[in-house]
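Visitor: One structure is given below, represented as structure tokens, and several questions about it will come after.
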Amino acid sequence: MLSGGADGVIVIYDLENYSGKQQYTCKAVGTVGRSSRFAHKFSVETVQWYPFDTGMFISSSFDKTMKVWDTETLKPADRFIFDGNVYCHHMSPVARKHSLVAVGTKNPKLQLCDLKSGSRIHVLQGHRAEILSVRWSPRYEHILATASADSTVRLWDVRRASGSLFTLDQHNGDKSKAAAEAVNTAHNGRVNGLCFSGDGLYLVTTGTDDRMHLWNSSTGENTLVNYGKVSNESRKGLKFAVSGGCSPDCVFVPCGSSVAAYGLHSGELVATLRGHYNNVDCCDFHPDYQELYTGGKDCNILAWIPALRGPDVEDDKHLRNDANAAAATAGPAAANSAFEDAWSSEED
């Protein structure tokens, strides 16, 4: 696991459980500490592995830089310098035809950096305030979503030079203007969080209006799922996560010192995860391990696993009936102790 801190430190953890215990502490296997001359000067806002090889990772910071690191040497292989604070960056998890990193900064223009050439090759214009969150579609390698402090969310095809495909409208207004000129708002406040569903069919957004919306990523339609009040006071990007491979899928959102889990399509509050001693800053979900990772201001990173489900009442009844039938057929000695009454009498 890759992590970045408010002090500019980057740490790599080994997630393998060698202890055999359910609760354990992960070992740090690599650190870019404060003493390193390569460390970021200010808060690390985003870290991401290179999607196709863990031999490289990318970090961005409020020190106005984005660095491309060699994992083995923990030294930067490249560095991009920007005019303002870097709020976020993201590299496509499915791209085969490009190696672009989308970067959101204090400047309202979205920067596209090419790792192959080591240069900034394109700028996407349309937002009127800083870009707080950016995400590539996990379904189409050229589709990109951006969220801004100007209350808008835009979807882009980076092959087009004519501006965004459309701007999301929370009121599902007339789409005939192609959203190029219409001022549609996704939230009544700063939009500081974006996350696609695992299949890329839906996009989830969060805003400082304490609302969360679920959108059809192809049409831009607000599905009008009601999640209720989702507290959100973050002035920076809000790092939340959507599960993958679950039934049903959930959205995990930092909420004070806890994490709220909502049904993606139902809007129901499924669970509240408590374990941190201070505000939670970020969430990430591992679809292969089915684990959730959360990082907080208490300097802890916690890993969460699904609770093991016990047998249903009906299943338990059938098991007991089958055991009793077997015992009656084979005699008392054949009774399975696993099905015996666990209660003890006062005489024992």
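Glycine residues also receive a Cβ, built from the backbone N, Cα and C atoms like all the rest.
Annotation source TrEMBL lists compositional bias 'Low complexity' at 325-338. Annotated region 'Disordered' per TrEMBL: 325-348, in sequence order. Feature annotation from TrEMBL assigns repeat 'WD' to 37-79, 124-159, 184-225, 273-304.
Describe the structural context of these features.
Guide: Non-local neighbours of the repeat 'WD' (37-79) in the same chain are 2-10, 12, 30-31, 85-95, 101, 103, 105, 113, 115, 118, 236-237, 239; each lies 6+ residues outside the stretch with a CB under 8 Å from one of its CB atoms.
Along the repeat 'WD' (124-159), the predicted structure has mean pLDDT 97.
Note: the repeat 'WD' (184-225) comprises 0 helix, 19 strand, 23 coil (DSSP; helix = H, G, I, strand = E, B).
Sequence-remote contacts of a segment are chain residues at least 6 beyond its ends whose Cβ falls under 8 Å from one of its Cβ atoms, and for the repeat 'WD' (273-304) they are 1, 3, 5-6, 13, 15, 26, 198, 239-246, 252-261.
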Visitor: What parts of the chain pack near the repeat 'WD' (124-159), using Cβ distances under 8 Å and only residues at least 6 beyond its ends?
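Guide: Same-chain contacts beyond the flanks: 84-85, 87-98, 100, 102-110, 112, 165-168, 179, 183-196, 198-201, 203, 205, 207, 215, 217, 220, 236-238.
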Visitor: Just give the helix, strand and coil counts over the repeat 'WD' (37-79), going by DSSP.
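Guide: Here the numbers are 0 helix, 23 strand, 20 coil.
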